[in-house]
Amino acid sequence: MKYKRIHNFDMSPKDMIKIQKQLAKEVKLIHFSDEPNLVSGVDLSFQKDEGLAVIVTMDFKKLSVIDVTYAVDKITLPYIPGLLAFRELPIFLKAWEKLQIEPDIVFFDGQGYAHPRRMGIATHASFFIEKPTIGIAKSRLIGEYEEPGKKKGEFTFLYHKGEKIGIVLRTRDNVKPVFVSPGNLVDFNNALDFTYHFATKYKIPEITRKAHLYTQSLKQR
(Lines of atoms letter the chains of each structure in order from A and count residues from 1; the text may use other names and numbers.)
(Lines give C-alpha, C1' and ligand atoms only; values in the text may rest on other atoms or scores of the structure.)
Protein backbone atom coordinates (compact mmCIF):
# COMPACT_ATOMS: atom_id res chain seq x y z
CA MET A 1 0.00 0.00 0.00
CA LYS A 2 1.16 3.50 -0.76
CA TYR A 3 1.16 6.22 1.87
CA LYS A 4 1.42 9.99 2.02
CA ARG A 5 4.70 11.10 3.58
CA ILE A 6 3.49 14.13 5.50
CA HIS A 7 6.76 14.72 7.36
CA ASN A 8 10.19 13.27 8.04
CA PHE A 9 11.24 11.76 11.36
CA ASP A 10 14.72 13.20 11.86
CA MET A 11 13.94 16.21 14.05
CA SER A 12 14.18 17.51 17.59
CA PRO A 13 11.60 16.60 20.26
CA LYS A 14 10.49 20.24 20.19
CA ASP A 15 9.68 19.98 16.48
CA MET A 16 7.93 16.64 17.04
CA ILE A 17 5.60 18.26 19.56
CA LYS A 18 4.96 21.09 17.13
CA ILE A 19 3.91 18.60 14.44
CA GLN A 20 1.64 16.78 16.90
CA LYS A 21 -0.13 20.02 17.77
CA GLN A 22 -0.53 20.95 14.11
CA LEU A 23 -1.96 17.56 13.15
CA ALA A 24 -4.29 17.52 16.15
CA LYS A 25 -6.14 20.46 14.60
CA GLU A 26 -6.92 18.28 11.57
CA VAL A 27 -8.30 15.24 13.40
CA LYS A 28 -11.84 14.34 12.31
CA LEU A 29 -13.79 12.15 14.70
CA ILE A 30 -16.58 11.42 12.24
CA HIS A 31 -18.94 8.48 11.90
CA PHE A 32 -17.89 5.57 9.68
CA SER A 33 -21.30 4.55 8.37
CA ASP A 34 -20.50 1.33 6.50
CA GLU A 35 -19.82 -2.10 7.96
CA PRO A 36 -16.15 -2.87 7.38
CA ASN A 37 -15.21 -5.74 5.10
CA LEU A 38 -11.49 -6.13 5.73
CA VAL A 39 -9.68 -4.67 8.73
CA SER A 40 -6.06 -4.73 9.83
CA GLY A 41 -4.47 -4.96 13.26
CA VAL A 42 -0.99 -3.59 13.95
CA ASP A 43 1.48 -4.65 16.62
CA LEU A 44 4.99 -3.28 17.07
CA SER A 45 7.84 -4.69 19.09
CA PHE A 46 11.36 -3.46 19.86
CA GLN A 47 14.49 -5.25 21.00
CA LYS A 48 17.60 -3.15 21.54
CA ASP A 49 18.08 -1.27 18.25
CA GLU A 50 15.73 -3.35 16.11
CA GLY A 51 12.01 -2.93 15.50
CA LEU A 52 9.38 -5.35 14.21
CA ALA A 53 6.01 -4.29 12.79
CA VAL A 54 3.28 -6.83 12.06
CA ILE A 55 0.06 -6.11 10.16
CA VAL A 56 -2.62 -8.81 10.34
CA THR A 57 -5.60 -8.39 8.02
CA MET A 58 -8.86 -10.11 8.95
CA ASP A 59 -12.30 -10.62 7.50
CA PHE A 60 -14.55 -8.48 9.70
CA LYS A 61 -17.57 -10.80 9.62
CA LYS A 62 -15.78 -14.14 9.82
CA LEU A 63 -13.02 -13.00 12.21
CA SER A 64 -10.61 -15.01 10.08
CA VAL A 65 -7.02 -14.04 9.23
CA ILE A 66 -6.47 -13.60 5.50
CA ASP A 67 -3.03 -11.96 5.40
CA VAL A 68 0.04 -11.32 7.55
CA THR A 69 2.65 -8.74 6.55
CA TYR A 70 5.67 -7.65 8.55
CA ALA A 71 8.85 -5.60 8.40
CA VAL A 72 12.06 -5.49 10.42
CA ASP A 73 14.37 -2.49 10.58
CA LYS A 74 16.92 -0.69 12.71
CA ILE A 75 15.59 1.84 15.20
CA THR A 76 17.48 5.09 15.68
CA LEU A 77 15.12 7.12 17.88
CA PRO A 78 15.04 6.37 21.62
CA TYR A 79 11.81 6.06 23.56
CA ILE A 80 10.53 9.53 24.46
CA PRO A 81 7.29 9.71 26.48
CA GLY A 82 4.47 11.25 24.46
CA LEU A 83 6.46 10.92 21.22
CA LEU A 84 6.34 7.14 20.78
CA ALA A 85 4.72 7.41 17.35
CA PHE A 86 7.87 8.98 15.92
CA ARG A 87 9.76 5.84 16.93
CA GLU A 88 7.10 3.41 15.73
CA LEU A 89 5.81 4.97 12.51
CA PRO A 90 8.90 4.40 10.30
CA ILE A 91 8.88 0.63 10.86
CA PHE A 92 5.08 0.49 10.55
CA LEU A 93 5.20 2.35 7.24
CA LYS A 94 7.81 -0.09 5.96
CA ALA A 95 5.37 -2.94 6.64
CA TRP A 96 2.49 -0.91 5.18
CA GLU A 97 4.37 -0.57 1.89
CA LYS A 98 4.51 -4.37 1.65
CA LEU A 99 0.79 -4.79 2.31
CA GLN A 100 -1.09 -6.06 -0.76
CA ILE A 101 -4.63 -6.07 0.65
CA GLU A 102 -6.38 -2.78 1.36
CA PRO A 103 -8.22 -2.65 4.71
CA ASP A 104 -11.21 -0.45 5.47
CA ILE A 105 -10.06 0.30 9.02
CA VAL A 106 -6.74 -0.14 10.82
CA PHE A 107 -6.49 -0.97 14.54
CA PHE A 108 -3.31 -0.30 16.52
CA ASP A 109 -2.08 -1.85 19.73
CA GLY A 110 -1.69 1.53 21.40
CA GLN A 111 -3.32 4.90 21.89
CA GLY A 112 -5.31 6.97 19.46
CA TYR A 113 -7.02 10.18 20.58
CA ALA A 114 -6.31 9.31 24.24
CA HIS A 115 -2.97 11.12 24.24
CA PRO A 116 -1.83 14.37 25.91
CA ARG A 117 -1.85 16.11 22.52
CA ARG A 118 -4.53 13.81 21.00
CA MET A 119 -1.89 12.25 18.76
CA GLY A 120 -1.25 8.63 19.71
CA ILE A 121 0.11 6.15 17.17
CA ALA A 122 -3.35 5.32 15.76
CA THR A 123 -4.22 8.98 15.18
CA HIS A 124 -0.82 9.95 13.82
CA ALA A 125 -0.64 6.99 11.42
CA SER A 126 -3.98 7.90 9.87
CA PHE A 127 -2.49 11.01 8.28
CA PHE A 128 0.10 8.87 6.50
CA ILE A 129 -2.11 5.97 5.37
CA GLU A 130 -5.29 8.04 4.90
CA LYS A 131 -7.44 5.38 6.54
CA PRO A 132 -9.81 5.33 9.53
CA THR A 133 -7.94 4.15 12.62
CA ILE A 134 -8.67 2.96 16.16
CA GLY A 135 -6.33 2.51 19.13
CA ILE A 136 -6.67 -0.38 21.59
CA ALA A 137 -4.37 0.01 24.59
CA LYS A 138 -3.82 -2.37 27.48
CA SER A 139 -3.31 0.49 29.93
CA ARG A 140 -4.25 4.12 30.42
CA LEU A 141 -1.82 6.82 29.32
CA ILE A 142 -3.76 9.83 30.60
CA GLY A 143 -7.23 10.74 31.78
CA GLU A 144 -9.79 9.99 34.46
CA TYR A 145 -12.65 7.50 34.41
CA GLU A 146 -15.13 5.63 36.54
CA GLU A 147 -14.58 1.89 36.69
CA PRO A 148 -17.01 0.10 34.34
CA GLY A 149 -19.21 -2.75 35.56
CA LYS A 150 -17.67 -6.19 35.95
CA LYS A 151 -19.55 -7.82 33.06
CA LYS A 152 -18.28 -8.15 29.51
CA GLY A 153 -19.49 -5.28 27.33
CA GLU A 154 -19.82 -2.73 30.12
CA PHE A 155 -17.92 0.51 29.60
CA THR A 156 -17.36 4.06 30.75
CA PHE A 157 -15.74 7.04 29.06
CA LEU A 158 -12.24 8.35 29.58
CA TYR A 159 -11.85 12.12 30.06
CA HIS A 160 -8.90 14.50 30.06
CA LYS A 161 -9.31 18.13 31.10
CA GLY A 162 -13.06 17.81 30.61
CA GLU A 163 -12.83 16.36 27.10
CA LYS A 164 -13.92 12.84 26.21
CA ILE A 165 -10.87 11.08 24.79
CA GLY A 166 -11.59 7.35 24.99
CA ILE A 167 -13.57 4.37 26.21
CA VAL A 168 -12.82 2.02 29.10
CA LEU A 169 -14.22 -1.30 27.89
CA ARG A 170 -14.64 -4.58 29.76
CA THR A 171 -13.96 -7.34 27.23
CA ARG A 172 -14.28 -10.25 29.69
CA ASP A 173 -16.17 -10.73 32.94
CA ASN A 174 -14.12 -9.68 35.97
CA VAL A 175 -11.01 -8.91 33.92
CA LYS A 176 -9.25 -5.54 33.73
CA PRO A 177 -10.63 -3.34 30.93
CA VAL A 178 -8.90 -2.18 27.76
CA PHE A 179 -8.61 1.47 26.77
CA VAL A 180 -10.08 2.18 23.36
CA SER A 181 -9.92 5.47 21.50
CA PRO A 182 -10.77 6.62 18.00
CA GLY A 183 -7.70 7.46 15.96
CA ASN A 184 -9.07 9.46 13.06
CA LEU A 185 -11.99 9.29 10.60
CA VAL A 186 -14.14 7.30 13.06
CA ASP A 187 -16.14 8.39 16.09
CA PHE A 188 -16.45 7.03 19.63
CA ASN A 189 -19.39 4.79 18.73
CA ASN A 190 -17.40 3.25 15.89
CA ALA A 191 -14.39 2.70 18.13
CA LEU A 192 -16.55 0.98 20.74
CA ASP A 193 -18.66 -1.13 18.39
CA PHE A 194 -15.86 -2.26 16.08
CA THR A 195 -13.55 -3.11 18.96
CA TYR A 196 -16.23 -5.03 20.85
CA HIS A 197 -16.96 -6.99 17.67
CA PHE A 198 -13.52 -8.57 18.11
CA ALA A 199 -13.94 -9.26 21.84
CA THR A 200 -14.21 -13.04 21.94
CA LYS A 201 -12.95 -15.06 24.91
CA TYR A 202 -9.78 -13.08 25.57
CA LYS A 203 -9.14 -9.69 27.17
CA ILE A 204 -7.38 -8.35 24.08
CA PRO A 205 -9.70 -8.11 21.04
CA GLU A 206 -8.78 -10.55 18.28
CA ILE A 207 -7.76 -7.89 15.77
CA THR A 208 -4.73 -6.79 17.82
CA ARG A 209 -4.31 -10.05 19.73
CA LYS A 210 -3.64 -11.92 16.48
CA ALA A 211 -1.07 -9.32 15.46
CA HIS A 212 0.65 -9.69 18.83
CA LEU A 213 0.75 -13.48 18.52
CA TYR A 214 2.39 -13.24 15.12
CA THR A 215 4.86 -10.72 16.53
CA GLN A 216 5.86 -13.16 19.28
CA SER A 217 6.18 -15.99 16.78
CA LEU A 218 8.43 -13.97 14.47
CA LYS A 219 10.64 -12.87 17.36
CA GLN A 220 11.36 -16.52 18.19
CA ARG A 221 12.67 -17.32 14.72
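Keep in mind that glycine also has a Cβ here, set from the backbone N, Cα and C atoms.
Some features that TrEMBL has for this protein:
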BINDING   Asp43, Asp109  Mg(2+) binding site
SITE      Tyr79  site 'Interaction with target DNA'
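Rounded to a whole number, the C-alpha distance linking Asp109 (Mg(2+) binding site) with Tyr79 (site 'Interaction with target DNA') is 16 angstrom. Classification of Asp43 (Mg(2+) binding site) by DSSP places it within a strand.
Counting every protein chain shown, the number of other Cβ atoms lying within 10 Å of the Cβ of Tyr79 (site 'Interaction with target DNA') is 10.
On the backbone, the CA of Tyr79 (site 'Interaction with target DNA') and the CA of Asp43 (Mg(2+) binding site) stand 16 Å apart.
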